[in-house]
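Here the structure is laid out as structure tokens; the discussion comes afterwards.
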Amino acid sequence: MAWTKYQLFLAGLMLTTGSINTLSAKWADMFNAKGCQEEPERPFSHPFLQAVGMFLGEFCCLAAFYILICHDKRRPEPRVNRGQSFNPFLFLPPAMCDMTATSIMYVALNMTSASSFQMLRGAVIIFTGLLSVAFLGRRLAPNQWIGIFITILGLVIVGLADFVSGNKDSSRKLSDVITGDLLIIMAQIIVSVQMVLEEKFVYTHDVHPLRAVGTEGFFGFFVLSLLLIPMYFIPVGNFANNPRHVLEDALDAFCQIGHQPLILLALLGNTVSIAFFNFAGISVTKEISATTRMVLDSLRTLVIWVVSLALGWEQFHGLQVLGFLVLLVGTALYNGLHRPLLARIPCCARFANEDEGGSGERERLLNDGRVQTGDNS
């Protein structure tokens, strides 16, 4: 069945805003500007402040939810399921996981390329699968185990591509590239803990997806904003690229923004895009299918890589292409995207039916719009 204009709009919105989210964060990192002191220009390196902006975007989803409810009240027959009442503090543990993982990933984005950043985030399915077996008692289907092993292979290839490019690229230290890649993979462990916590404690309640994202954004925004105060006084040596060598110097960030206003444009792009990306992702799941959302999220990686090449932010490496393709196959197998293809082949139809058993619960949650295939950042 052909897509409607609205469905095409939602798919385009998800792909565009998802790509802008990563590209705008990397664009901010690439600016050079003076700080609060009289000194030469230096890179804008304020990952924790960027994470605050990202959570502000998620927080906006809560406002969008209440606007949607107010608009729905005007209808003769309300159609929006507001969900049941719940304790908002249920969202605090997954929000803290999200806050920690996002902050680590923004630190890593300063060290590696935007395309590698996006590709390596595919590691989340490895840890989510393993943790769901250990803590949710889930049994993974054979295709999911194969998908996990293929994803590991893809991560090795992408890491090797970064190692080779780091040796050739004089603008980036090889040690920084490797550290950045490892930080991204480490962050995916925390993201997988977040997903397991959400599924075990949060999604047993009937919570509207926009409200869920917005509530987590609320906690992430206010807690991380408060943490910027002690971060201003915590020395970390050369790990931080600011004059005082503290964990985060928010005042220095505002001074750099004042000297280079385009940084503010990049930060606003990151904040606004994450809000629309979450809305579009939830809507795609509802209006089209969870499978479409998975495919679009994978295409987002390709768009980020192509745009980064076109802007000259990174160089072309054949190994990276191979790594992306292998990761794509691993993700597709894990999420069961091979089943429709097998179902069309008479001799393979029974294998498609066998695979459905292990991932049926996740597919149900996806179709309810309550499990996100991508992360919130």
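Think of each number as a place in line: the chain as shown, counted from 1.
Every residue gets a Cβ built from N, Cα and C, even glycine.
Features of the protein shown, as given by TrEMBL:
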SIGNAL    1-18  signal peptide
TRANSMEM  48-69  transmembrane segment
TRANSMEM  89-108  transmembrane segment
TRANSMEM  120-138  transmembrane segment
TRANSMEM  145-165  transmembrane segment
TRANSMEM  177-197  transmembrane segment
TRANSMEM  218-240  transmembrane segment
TRANSMEM  260-282  transmembrane segment
TRANSMEM  294-313  transmembrane segment
TRANSMEM  319-337  transmembrane segment
REGION    355-377  region 'Disordered'
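Within the same chain, residues 25, 47-48, 50-51, 54-55, 117, 121, 179-181, 183-184, 186-188, 190-191, 193-195, 197-198, 201-202, 205, 212, 215-220, 223-224, 375-377 sit at least 6 positions outside the transmembrane segment (89-108) and bring their C-beta atoms closer than 8 Å to a C-beta of that stretch. Remote same-chain residues near the transmembrane segment (120-138) are listed as 105, 144-145, 147-148, 151-152, 154-155, 158-159, 181, 184-185, 188-189, 191-193, 195-196, 199-200, 301, 327, 330-331, 334-335, 358, 361, 375 (criterion: CB distance under 8 Å, separation of at least six residues from the stretch ends). Residues 273-274, 276-277, 280-281, 283-284, 287-288, 292-293, 296-297, 299-300, 303, 374 of the same chain lie 6 or more positions beyond the ends of the signal peptide (1-18) yet place their CB under 8 Å from a CB of it. With respect to Cβ pairs under 8 Å, the transmembrane segment (319-337) is most closely packed against 145-165, considering the stretches 48-69, 145-165, 260-282. In summary, the transmembrane segment (48-69) does not lie against the transmembrane segment (294-313): fewer than three C-beta pairs, each 6 or more positions apart in sequence, are under 8 Å.
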